[in-house]
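Enquirer: Below is the structure I would like to discuss, written out as structure tokens.
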Amino acid sequence: MSSPCCGFLAQYTHHHLVAFLLTFFSYVLLHASRKTFSNVKVSISAQWTPSVQNASSPAFSPGETWEEHNLFADSDGATLFLGVLDTIFLFSYAVGLYMSGVIGDRMNLRYVLCFGLCGSAIVEFVFGTLIEWLQFYNIYLYCGLWVLNGLLQSAVWPCVVAVMGNWFGKSGRGFVFGLWSACASVGNILGAFLASSVLKYGYEYAFLVTSVLQFAGGVVVFFGLLTSPKEVGLCLESETGLRPVERDADSHRPLMSDEEDEEGSEEVCDGGYYTTRQGDEELRETPKAIGFCQAFCLPGVLPYSLAYACLKLVNYSFFFWLPFYLSRNFGWKEAQADRLSVWYDVGGIIGGTVQGLISDFMGKRAPVLAVSLLLAMGALVGYSHSPPDQVVNAALLATTGFFIGGPSNMISSAISADLGRQEALRGSQEALATVTGIVDGTGSIGAAAGQYLVSLIESKLGWMCVFFFFIVMTGCSIVFILPLIVTEIRAMWRDRRARTHKL
Amino acid sequence: MTAGHSQQNAAVVLLFIHVCFSGGYQLTELQGLCHLCNGTVQNGTAVSQFCSASAGLIDGRCCLLRKENVRDADHVIGLDLSNCSLSRVEDLRDAFNATTIDLSLNPIVNLDDSLFEGFIQLANLILPANLVCPGGNASWDKVKVKGETHFCEGQKDICNQTDYLSLNCPENSLCVPYGPGFFQCSCVEDFRGYKCLREGEFPIIQVFGPLAGSTVLVSILLWVTQRRKAISV
């Protein structure tokens, strides 16, 4: 008898692998270009301002080299504008997410995904490279382009999660999605390395490289992605398929549900893993896409969305401001700070995977989240008091990333997939992209509001208060998912009692 | 005569006119400075001695570098505006390459601070006695007052001065002298651009060539293995 591990993997074909890798790397490239912007903030700020001098000394000459650009009089104004750009981006990203999820469930996922990737690449090219080559600096142009970028990028996440949800069913979803949701962090790492190695040629080349890469990714996705097994005549394995840990009563119960045990989803495919169903395809009606309000009212969507809003605020504040904080607070060079900020993402990758695995074994997700978030509050306290030593700082960063990035990755991927394919839908409605859009959209609104608050708090009260704000937000996210935690823990006690009764 | 030939003629005429006008414009500019006041370079003055020593061409009050027949603003190597009844000197930029400038015996009240910015070759400056050498006495090797005139001789390299400690050029740039009491921060070798932030030349072909190639390859590979068998759902 084959070990559970091999059995687990045997159900996947090379199509699964390609779908995994394509969706993984398309989001990697997207996040890499997003990260580019945060990693070149210091250089862009230098480009927009004249040279700084004491009041008594004369300005440097020649003027073209030192004084000519004054989009902003000093670096404070430039920093504030960079924060405004972040906020604008996240708000338009949030608005776009609400729409794109709905669109993705109704249109061909491949086209939407490709359109988002390539369109966003073009806008980033104009924003970072073309403007610099033309030397045409304009505040309104920057804002307009970044709004457009947010709207285009929002098309990507719901589509990739939907494609993954199509290809990977309930069994092992926590682990597979945990591994897959590392894409955001891998993208951050890739973006950080690309930016820091190309930065010396000029920040415009960092934008050039990442946007061309992203465009190439869009092209590859267009030619290579199969959005669901149905496109090649395969069907998703039934919900009662092989799972890494067998539990008698649990194997038929969906991973996330507080409803009575359903008979099993009404998927047309039954028994076996893959059956080609050409004949029966016509009999089965194509699933309708769910309405926005209906999706919002699905059980679990609202609490997880609100919790994700708080969590994404903290996560994205680290994402956007970490290199800046490191170079301003500790005085390290920008390229060094970029490399150091990678450790947060490393922690996030490991956290997402490990916690996804644990939640698969337990069969419950909310308790895992709760424990991780409690420990995250401690990690934040520890990081805010980090000494200026780079090694210690990196270690603390990785720990913080583990405890914050883990739940964040889980909510945005595995849990969204759970919510979008839960029993309440009875498999007759396509809700995956819509639900993902709602969860991530609410998260982005929280993150957007947070960016402005972070720069406000920092300028008035300093970095310590910013960390205190993060701790409060983490606490809030625990509060929001408290009802779900209570329900799941009660269910766990019930099962344990039921099992001890049987023995 | 064919049509083509007359076209060629027209082009030549146009070119000739363009050269005349552009040359003439420079000529008038130069004439402005060199003929700011009447007369020509006096015999026995510092400028005339310098001019004969360097075999220059005298034109009005200027000493021009003898370089065939081209009269260019770059080639004013000496300027003698003494005894011109000038009360104000506004713009001497056409003579920025001059080695000797004489402004003595003029009722000038004061000189603009930036008047001599960019005058890197200036080694001999003669001013009326009431004026101070530009850049202060510390910018010149020798300063002496003789009767009605003030002699400033030998521009010092400001970048080498130890008392100008505050002359810190920003990162990636070096101090270069730019006239008496002036300096510029110009980018170190290999650095360029605004604030000398950019280093080196980005290898576009080496980066994007392989990228394009691999994109095409991967797309073809994936299309063959994945999408070729796709049925529309």
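Cβ coordinates come from backbone N, Cα and C, glycine included.
Sharing the feature lines straight out of TrEMBL:
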- A:257-269: compositional bias 'Acidic residues' (COMPBIAS)
- A:19-492: domain 'Major facilitator superfamily (MFS) profile' (DOMAIN)
- A:249-270: region 'Disordered' (REGION)
- A:12-30: transmembrane segment (TRANSMEM)
- A:78-99: transmembrane segment (TRANSMEM)
- A:111-133: transmembrane segment (TRANSMEM)
- A:139-163: transmembrane segment (TRANSMEM)
- A:175-199: transmembrane segment (TRANSMEM)
- A:205-226: transmembrane segment (TRANSMEM)
- A:366-385: transmembrane segment (TRANSMEM)
- A:391-411: transmembrane segment (TRANSMEM)
- A:432-455: transmembrane segment (TRANSMEM)
- A:461-486: transmembrane segment (TRANSMEM)
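For the listed features, I'd like the structural context: burial, neighbours, distances.
Expert: Counting only same-chain residues 6+ beyond the ends of the transmembrane segment (A:78-99), those with a CB under 8 A from a CB of the stretch are 37-38, 41, 44-45, 48-49, 71-72, 139, 142-143, 146-155, 157-158, 292, 316, 320, 324, 437-438, 440-445, 447-449, 451-452, 454-455, 459.
With a cut-off of 8 Å between Cβ atoms, the residues of this chain six or more beyond the transmembrane segment (A:391-411) that come close are 174, 177-178, 181-182, 184-185, 304, 307-308, 311-312, 314-315, 318, 322, 326, 330, 340-341, 343-352, 354-356, 359, 365, 368-369, 372-373, 375-376, 379-380, 382-383, 439, 443, 474, 477.
Nonlocal intrachain contacts for the transmembrane segment (A:432-455), taken as residues 6+ away from its ends with a CB within less than 8 angstroms of a stretch CB, comprise 79-80, 83-84, 86-87, 89-91, 93-102, 104-105, 109, 154, 157-159, 161-162, 165-166, 289-290, 292, 295-296, 298, 301, 304-306, 308-317, 320-321, 411-412, 415-417, 419-421, 466, 469, 473.
Away from its own ends, the transmembrane segment (A:461-486) comes close to residues 300, 303-304, 306-311, 313-314, 317, 325, 329, 366-367, 369-370, 373-374, 376-377, 380-381, 383-384, 404, 407, 450, 453-454 of its chain (Cβ-Cβ under 8 Å, at least six residues beyond either end).
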Enquirer: By Cβ distance under 8 Å, which residues at least 6 away from the ends of the transmembrane segment (A:205-226) in the same chain are close to it?
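Expert: Cβ under 8 Å, 6 or more out: 15, 18-19, 22-23, 25-26, 29-30, 32-33, 36-37, 39-40, 110, 113-114, 116-118, 120-122, 124-125, 127-129, 163, 191, 194-195, 198-199, 232.
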Enquirer: Under 8 Å for C-beta pairs, could you tell me which stretch among A:111-133, A:139-163, A:175-199, A:366-385 has the largest tally with the transmembrane segment (A:12-30)?
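Expert: Ranked by Cβ pairs under 8 Å, first place goes to A:175-199.
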Enquirer: Other than its close neighbours in sequence, what residues sit by the transmembrane segment (A:111-133), given a CB gap under 8 Å and a spacing of at least six beyond its ends?
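Expert: Beyond its ends, the transmembrane segment (A:111-133) has Cβ neighbours at 26, 29-30, 33, 36-37, 40, 47, 100, 103-104, 141-142, 145-146, 148-149, 152-156, 159-160, 163, 202-208, 210-212, 214-215, 217-219, 221-222, 225.
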